[in-house]
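TrEMBL has this to say about the protein:
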- 8-92: domain 'Acylphosphatase-like' (DOMAIN)
- Arg23: active site (ACT_SITE)
- Asn41: active site (ACT_SITE)
- 261-283: region 'Disordered' (REGION)
Amino acid sequence: MAIDTPSGVQLRIRGKVQGVGFRPFVWQLAQQLRLHGDVCNDGDGVVVRLLEEPSQFIAALYQDCPPLARIDSVEHASLIWERAPTDFTIRQSAGGSMNTQIVPDAATCPACLAEMNTPGERRYRYPFINCTHCGPRFTIIRAMPYDRPFTVMAAFPLCPECDSEYRDPYDRRFHAQPVACPSCGPHLEWRSQHERAEKEAALQAAVAQLNAGGSIAVQGLGGFHLACDARNDNAVAMLRARKHRPAKPLAVMLPTAQTLPRAARSLQPTRAAPIGRGDKQYE
């Protein structure tokens, strides 16, 4: 098809296609195939407009779909361009009623974990690290389509470095809506009856409280978790009394998969990182 031909095709893609790095994926795929057009989110999913014939593009969509995404359907419609596009772009999202699926939060990916634990990295020990492959989705959305202005992250304007990552098509944070860093994003805060602290000092205050046999309320993305040191029988008994849970199992958080009981190590990790159940064991 000649570049100056104004006819084309519009693809309506439905499924789990927002908040999963789908638009950056589409952009990169279009560059590889040398296609012209654009992509955007709307209330029904993702809309791709192409100047060229889309069969190779659609096949690659299914074959190389991002790990958090799921394509349920791709609908075709003819399109007449007012002006033939000369490149492929991510255009501003279109509003509308919310008919698309909201993707759940995803556990921190290996790349972000490595970055968070590497001294000298910009996000070293930054607890709110994320990218297009991991981090909060469902719990930060206020409205659809899934774009930063419609999430709680709208209150945190991007610093120049995060903005550069957000706009870089070859960065894993390209169009990652929750992107943040210690300079521009949220941070830890500790509050008690007599003390307040922020950032690393907040974390150390929580650690001290746990080590002293106390319990703390950890405000996460979707609510509060009551926590204590699982190795301290008195602390666990106090937490059970406060929760009115004398016998029901409590979730136990461990630092790595290697510290799990042997019987649980065969469980395959998933991006949802759910709580697993197993028989009580003493090793």
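Just so it is clear, glycine is given a Cβ too, placed from its N, Cα and C backbone atoms.
Nobody curates TrEMBL annotations by hand; they come from automatic prediction.
You'll find the Cα of Arg23 (active site) roughly 8 Å from the Cα of Asn41 (active site). As a summary of secondary structure, the domain 'Acylphosphatase-like' (8-92) carries 21 helix, 35 strand, 29 coil according to DSSP. Cβ contacts within 10 Å of Asn41 (active site), excluding its own Cβ and spanning all protein chains shown: 27.
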